[in-house]
Amino acid sequence: ACLARGETCKDDCECCDCDNQCYCPFDWFGGKWHPVGCSCAYTNKYVCDHKKEKCKKA
């Protein structure tokens with residue numbers, strides 16, 4: 001089972017397809033940057049290749 005675009009994730013490898021990465025936008029809050037949560041988002045071929053390496057099943 002993998003996560004579709006827009007679903008909440010913790011890691012790139014959880015997101016379906018190679019052009020789907022776990023993206024964490026940041027919000028300004030009280031003078032500090034903090035993550036507002038990560039979700040699977042469309043990405044480019046560079047990340048695609050990186051993800052293939054990183055996410056190979058052991």
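Keep in mind that glycine also has a Cβ here, set from the backbone N, Cα and C atoms.
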Swiss-Prot annotation, disulfide partner among C9, C38, C40 for C24: C38
From C2, C40, C48, partner that Swiss-Prot gives for the disulfide involving C16: C2
Cβ neighbour count within 10 Å of C24 (disulfide bond): 13
Disulfide-bonded residues (C15, C22, C40, C55), the one with most neighbouring Cβ atoms at 10 Å: C15
Secondary structure at C15 (disulfide bond), reduced by DSSP to three states: strand
